[in-house]
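To start, the structure itself, in structure tokens.
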Amino acid sequence: MVMAKTLHQEVYHTLSETFDFANNDQRLWWHSTAPMFEKMLQTANYSIDAQYRHLGIYKSHVIPFLGVYPTRSGERWLSILTRYGTPFELSLNCSDSVVRYTYEPINAATGSHLDPFNTFAIWEALKKHIESQPGIDLEWFSYFKQELTLDANESTYLHSQNLVKEQIKTQNKLALDLKGDKFVLKTYIYPELKSVATGKSVQELVFGSVRKLAQKHKSIRPAFEMLEDYVQSRNKFSTTDDSHNTLLSSRLLSCDLISPTKSRVKIYLLERMVSLPAMEDLWTLGGRREDQSTIEGLEMIRELWGLLNMSPGLRAYPEPYLPLGAIPNEQLPSMANYTLHHNDPIPEPQVYFTVFGMNDMEVTNALTTFFMRHEWSDMASKYKACLRESFPHHDYEALNYIHSYISFSYRKNKPYLSVYLHSFETGKWPVFPEGLIAFDACRRDLTC
């Protein structure tokens, strides 16, 4: 046991001593994020070989696409991925012990006149992943990319006419689900800028693109039509008061980068009303889902709501991004996504508890209680330690920005719960005497 623990501890340090970095930005990204990445892989019981492979892929294929290392004063591309505009986020499926990460690929042209809205860097990043693992299929990615992101002419026009103000500039992200020593690649696409270019709403673009796809792939059509009917009925009777019948708006879309016969489409909806009745409505599609599995999942949602002590209210996304190091004083809207499975007439919901801005120790304790109640004993015993060791120099009792979202779904009589986590300046940061500090609970270096 002692030898195994020692071997685990050596992965990040061994790779750090072995790796050469193309520049200081990449070196800083590695030492800022890899300690937490390693700790999560250990918590989820990945083998030593898998840890080396995933951290190696991260260093060689992902870090070169994270752009300049963020500081308070330096110019950088701001990503919608986090409230601080950082382009990388780790997440953990606690029920299946699967580590994931999401990033927005950035390259030297991003934000310049060559690619003012970061439309094209993702293609370069994809080439790296295709080289490292077989089975990646770009058919649906290419389709949605064409339908929902800017082409070169649209990008040039919006930039030259200065038409982009406070809109979400992120157009696409990549995510890797780490299964054993392999990964499953998926994409997330935001059509906000396409909406500006075409004059169509995000809702029209998202649902229109999936509707057209469903005409060709009829196996997802019944689920799509049920979801569309739900959204239309909700929005027909939406209000702006404190009822749960607020307007549902499309935010983004995702799909797996595998064969279209196996790929899933997910449509994400923003729910401004944070309340248990609103979440129940999202979960049941306004009463359209009423089978036993739905009811069992609903009971767990109610349990989580109570454990987390969620504060209800009407929310909106604040603007602009939070400065690095800022302590949040905000709570965000809720969200849900709906998976369109082949040959399943009912969309599968996944709801999100927006816990960003809530006390992280209280969230951790609530999750640990949930894990114990549902006999996820291994995760219950490790979760708190994983986060403490990821941020060892922080006053964990006072933090309120480590947890961003908690997602929940329930299928085949089994719950699935994931946490989405702040993944910046982790481990014994700063590693170097000249290291930059943005998040430091003990002192705040205002010069960085």
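First residue shown is number 1, and so on along the chain.
Each residue, glycine too, has its Cβ placed from N, Cα and C.
Note that the coordinates shown come from a computational prediction; the quantities given were computed from them, not determined experimentally.
Under the heading L-tryptophan binding site, Swiss-Prot lists ILE80, LEU81, GLU89, TYR190, ARG251, citing similarity to another entry as support. Long-range Cβ contacts of GLU89 (L-tryptophan binding site) within its own chain (separation 6+, distance under 8 Å): LEU81, THR82, TYR101, THR102, TYR103, SER404, TYR420, LEU421, HIS422, SER423. The DSSP secondary structure for GLU89 (L-tryptophan binding site) is strand.
The Cβ neighbour count for GLN350 (substrate binding site), using a 10 Å radius and every protein chain shown, is 20. GLN350 (substrate binding site) falls within a strand when secondary structure is assigned with DSSP. Summarising the annotation, Swiss-Prot assigns substrate binding site to ARG100, LYS186, TYR188, ARG264, LYS266, TYR268, GLN350, TYR352, TYR416, TYR420 and lists similarity to another entry as the type of evidence.
The binding-site residues TYR188, TYR190, TYR416 differ in how many other CB atoms lie within 10 Å of their CB, and the one with the most is TYR190.
Pairwise Cα distances among ILE80, LEU81, GLU89, TYR190, ARG251, the recorded L-tryptophan-binding residues, top out at 18 Å. The record assigns ARG100, LYS186, TYR188, ARG264, LYS266, TYR268, GLN350, TYR352, TYR416, TYR420 to the substrate site; their largest pairwise CA distance measures 21 Å. Sequence-distant neighbours of ARG100 (substrate binding site): residues of the same chain at least 6 apart with a C-beta under 8 Å from its C-beta are LEU90, SER91, LEU92, ASN93, ALA175, LEU176, ASP177, LEU178, SER418.
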